[in-house]
Amino acid sequence: KPISKQGHSSNLFGNIQGATIVDALDTLYIMEMKEEFKEAKEWVEKNLDFNVNAEISVFEVNIRFVGGLLSAYYLSGEEIFRKKAVELGEKLLPAFNTPTGIPWALLNIKSGIGRNWPWASGGSSILAEFGTLHLEFVHLSHLSGNPVFAEKVMNIRKVLSRLDKPEGLYPNYLNPSSGQWGQHHVSIGGLGDSFYEYLLKAWLMSDKTDEEGKKMYYDAVQAIETHLIRKSSSGLTYIAEWKGGLLEHKMGHLTCFAGGMFALGADGAPSDKTGHHIELGAEIARTCHESYDRTSMKLGPEAFRFDGGVEAIATRQNEKYYILRPEVIETYMYMWRLTHDPKYRQWAWEAVEALEKHCRVDGGYSGIRDVYSNHESHDDVQQSFFLSETLKYLYLLFSDDDLLPFEHWVFNTEAHPFPILRKEDGIYVGVSLN
């Protein structure tokens, strides 16, 4: 908490301490902040403790803690990070003890008892949660020599691929006991988002050998284009939410990551579609830039709408906040790397200036309650993803392309870089920083 200068303990991590430190390890390393990295490594060795009697979010702990530790290991080669990543991975395995192998959302790390969020449709697990374990668990198997991690996530794939998809779309809710979909809600924002990202990245991370992941990704994009992507009357392309066949013309800040995803996947699309996917990425980037530009603070709201005559503007008070989220900057970074159009650096710099002006506080950076207001009301929280993602993507955007090049590295959904696993003599080998 950068104003009150207290720790902030999120119930997502149970009592596991140190989310900010672990999430920021690779950022420190990439930025060559060697003293701070050493200090963080010593903290991990002495204090990072997973033996807590508390319930954690399997998804959040995976992407932030497992992801952060894996990247710190691949970048630095320090054994402590590998050891801690595998130890934590093992503690997450009981979450998969369900009739279908689709994991629970919440797990008591000590007892091994899992359950789902009480608000989720019919006791369901959430697509973006169980669908965003694949990259980390494949690397856990690679680094531990234990195939169980990869087997767990390949089974999730198997369950999903044999299910009927309404209109080719994947609903956000799947019951882990019955193996059937819950409500037919579809989103490329929260609850769905990173599932699609991980299909594409699983294929890229496998050195383009994971054909099933590839096919599932491009088929899903086709369905998304048909059913969810729309153009506003002034020509802004946006991605709506689908509720049992009815569209809600709302786009979340989280959904803005999709511009970068479409661009990253353009190269692997059918040859006549490559330019179209890049263009789609560019249009989403433009819409998300508009959502920033149309506020007083030049920072984007949590969600913005395209109905009742408004375009790219938040109309509800509880959607006007900005919590230092990275998705728009993430899309600028991918668009910059893949097109080198200077507007992406210009747009990113606008965001840097706005962050400095409105979010910088004495002890760090704080989220903002209303980006349309003329005076800042800070929420006094610096989310760990600000250091892991927002600042890392900005740093990469203004660095040369040979820092973590896409031909060697794939970023998890928390911006933790993992090496592409190249199959040579049946052995997967990692690569160096460049």
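Just so it is clear, glycine is given a Cβ too, placed from its N, Cα and C backbone atoms.
Remember, predicted model here, so these are calculated numbers, not experimental data.
Here TrEMBL flags Glu60 (among others) as active site, proton donor.
Feature annotation from TrEMBL assigns active site to Asp193 (among others). Around the Cβ of Asp193 (active site), 25 further Cβ atoms fall within 10 Å across all displayed protein chains.
Around Glu302 (active site, proton donor), the C-beta neighbours below 8 angstroms that are at least 6 residues distant in the chain are Gly252, His253, Ala314, Asn318, Glu319, Lys320, Tyr321, Tyr322, Ile323, Arg325. Per TrEMBL, active site, proton donor is recorded for Glu302 (among others).
The feature active site is assigned by TrEMBL to Glu327 (among others). In sequence order, His253, Leu254, Thr255, Cys256, Phe257, Cys288 are the residues near Glu327 (active site), counting only same-chain partners six or more apart with C-beta under 8 A.
The annotation Ca(2+) binding site is assigned in TrEMBL to Thr413. If you draw a 10 Å sphere around the CB of Thr413 (Ca(2+) binding site), it holds 24 other CB atoms from the protein chains shown.
What TrEMBL lists as disulfide bond is Cys256-Cys288.
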Candidate with sparsest Cβ neighbourhood (10 Å radius) among Glu60, Cys256, Cys288, the listed recorded positions: Glu60
